[in-house]
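**Student:** The structure under discussion is supplied below as structure tokens; questions concerning it will follow.
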């Protein structure tokens with residue numbers, strides 16, 4: 001009952017404008033989800049392989065070299081997007097970046113649909129992955145900036161379930177053309193990638209720019225108007241919107257005066273540990289098998305003799321991934337980040353070893369194949385429940401108000417590097433005459449899952465119910481993962497947490513925080529960070 005009341009109170013802070021803005025910016029994640037799902041399936045579609053593959057004994061397929069290239073070179077585009085995300089947002093804001101994403105997506109689809117050779121098609125995907133680099137960095141960061149504290153986990157983590165919904169969409173379209181040999185079999189799924197761009201163009205005009213970014217640019221009145229829409233009427237009437245904005249402004253002013261938001265700071269103090277944590281989050285996300293399935297899942301299922309059924313199973317896998325991701329974002333602010341990641345890691349060990357043991361066998365019985373498929377279904381569910389959702393969510397949180405964009409860039413850069421390594425190396429590890437271990441590659445993922453479980457138990461920070469401004473004080477020294485939830489902050493972060501929870505003593509009007517003693521206390525609190 002207590003948990004239900006807490007859940008109801010948390011969601012009572014969600015306003016229609018907040019929901020609209022979150023939906024608008026997370027629509028872009030459909031682009032990422034559809035692209036990754038479609039291309040994993042395209043490589044097994046006869047319509048696509050007959051145009052871009054090589055005829056080997058009457059069967060069209062990609063050579064090992066070409067397969068490695070088309071699945072890995074796209075990460076160069078993703079790297080460009082990840083590296084340029086912060087300077088673009090700092091200068092132009094989130095809304096203009098997403099306008100650019102919408103219009104460039106049209107160019108991407110045109111380049112791919114008009115392709116006659118695999119090189120042009122791959123070039124279109126490289127450009128698409130520039131957008132992916134922007135989306136996976138900007139969407140969760142924007143959500144973390146506008147969300148009330150109690151809904152930050154849900155908002156920042158929404159990137160994963162929406163991404164997975166896109167993957168289901170892509171998988172379903174490819175299933176519809178599983179036996180089609182004409183060009184239309186791959187052109188329709190690729191052309192459908194224009195739909196999220198159209199939705200962005202329709203929704204963006206009425207969305208609200210991040211109040212934190214507006215304050216940074218000196219547009220305080222516009223920031224206050226936006227924040228009053230994003231928060232409840234009761235919150236605004238009590239003067240808490242202005243109080244929240246003043247704390248944000250004080251933190252930004254301190255940052256500007258002391259020049260603390262520098263890249264060099266990532267190699268100093270607590271940011272070294274935080275950077276390492278963020279890198280580890282994405283390492284576990286990609287290297288427990290998620291990246292492999294995204295690139296080669298349907299192809300692998302075809303290789304063990306499942307034929308056209310592979311595309312149906314792919315839809316089931318993606319649907320269960322969506323279920324896992326939605327469970328994660330709806331429960332993470334209730335049960336916490338750590339329990340979900342610990343549970344997910346433990347389950348990944350089991351599923352990865354089952355895939356390796358049965359999928360790597362020289363004989364494939366119907367029963368064994370059914371277990372392999374079920375293991376992939378539960379594996380992706382477990383990944384989405386844990387690292388796939390929390391890697392983005394916690395990376396957007398750990399940097400605090402100063403370094404969140406830079407730390408997010410570190411995380412997404414690590415993400416694409418690990419994904420590239422898995423995508424490029426997997427064909428050589430699995431196929432003959434190279435590694436030739438086939439499905440036994442699952443033992444590698446299982447080994448990484450063991451490390452993920454150890455890390456989650458010992459080191460993973462619990463950030464449930466914390467404000468962005470509390471992160472610096474929380475990370476001021478090393479703590480075991482379970483110690484974060486009981487630590488009491490005292491600085492400006494604690495004050496922001498009180499404001500967001502509408503418990504700031506004496507704040508009944510918009511002028512109360514202008515008392516001299518309060519300003520002095522806030523300044524001291526900020527300096528203590």
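Using N, Cα and C of the backbone, Cβ positions are placed for all residues, glycine too.
This is the feature table in TrEMBL:
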type: TRANSMEM; residues: 17-42; note: transmembrane segment
type: DOMAIN; residues: 21-464; note: domain 'Major facilitator superfamily (MFS) profile'
type: TRANSMEM; residues: 97-114; note: transmembrane segment
type: TRANSMEM; residues: 126-144; note: transmembrane segment
type: TRANSMEM; residues: 156-178; note: transmembrane segment
type: TRANSMEM; residues: 184-204; note: transmembrane segment
type: TRANSMEM; residues: 276-296; note: transmembrane segment
type: TRANSMEM; residues: 311-330; note: transmembrane segment
type: TRANSMEM; residues: 342-361; note: transmembrane segment
type: TRANSMEM; residues: 367-387; note: transmembrane segment
type: TRANSMEM; residues: 407-430; note: transmembrane segment
type: TRANSMEM; residues: 442-461; note: transmembrane segment
type: REGION; residues: 510-529; note: region 'Disordered'
type: COMPBIAS; residues: 512-521; note: compositional bias 'Basic and acidic residues'
**Student:** So if I exclude everything within five residues of the ends of the transmembrane segment (17-42), which remaining residues of that chain have a CB under 8 angstroms from its CBs? That is, six or more out.
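**Tutor:** Same-chain contacts beyond the ends: 48, 70-71, 94, 98, 101, 105, 125, 128-129, 131-132, 135-136, 138-139, 142-143, 146-148, 151, 155, 158-159, 162-171, 173-175, 186, 189-190, 192-193, 195-197, 199-200, 203-204, 206-208, 229-231, 293-299, 311, 314, 318.
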**Student:** Which of 126-144, 276-296, 367-387 shares the most C-beta pairs under 8 angstroms with the transmembrane segment (442-461)?
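**Tutor:** Answer, by Cβ pair count: 276-296.
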**Student:** With an 8 Å cut-off on Cβ pairs and a sequence gap of 6 or more, do the transmembrane segment (184-204) and the transmembrane segment (342-361) reach 3 or more such pairs?
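**Tutor:** Stretch pair does not touch.
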**Student:** So which residues does the transmembrane segment (311-330) touch in its own chain, when a touch means Cβ under 8 Å and the partner is 6 or more beyond its ends?
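**Tutor:** Distant Cβ neighbours of the transmembrane segment (311-330) are 37, 40-41, 44, 153-154, 157-158, 160-161, 163-165, 167-168, 170-172, 174-175, 178, 293, 297-298, 301, 340, 373, 376-378, 380-386, 388-390, 393.
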**Student:** Looking only at residues six or more beyond either end of the transmembrane segment (156-178), which have a C-beta under 8 A from one in the stretch?
**Tutor:** 22, 26-27, 29-38, 41-42, 45, 47, 136, 139-141, 143-144, 147, 184-186, 188-189, 192, 196, 294, 298, 308, 311-312, 314-315, 317-319, 321-322, 325-326, 328-329, 332, 384, 388-390, 392-393, 396-397
**Student:** If I take every residue in the domain 'Major facilitator superfamily (MFS) profile' (21-464) and average their pLDDT values, what number comes out?
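**Tutor:** Over the domain 'Major facilitator superfamily (MFS) profile' (21-464), the predicted model scores a mean pLDDT of 87.
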**Student:** With Cβ-Cβ distances below 8 Å as the criterion, list the same-chain residues six or more beyond the ends of the transmembrane segment (276-296) that contact it, or say none.
**Tutor:** 36-37, 39-40, 43, 71, 167, 317, 345, 348, 352, 355, 376, 379-380, 383, 387-388, 390-391, 394-395, 398, 407-408, 410-412, 414-415, 418-419, 422-423, 426-427, 441-442, 445, 448-449, 451-452, 455, 459-461
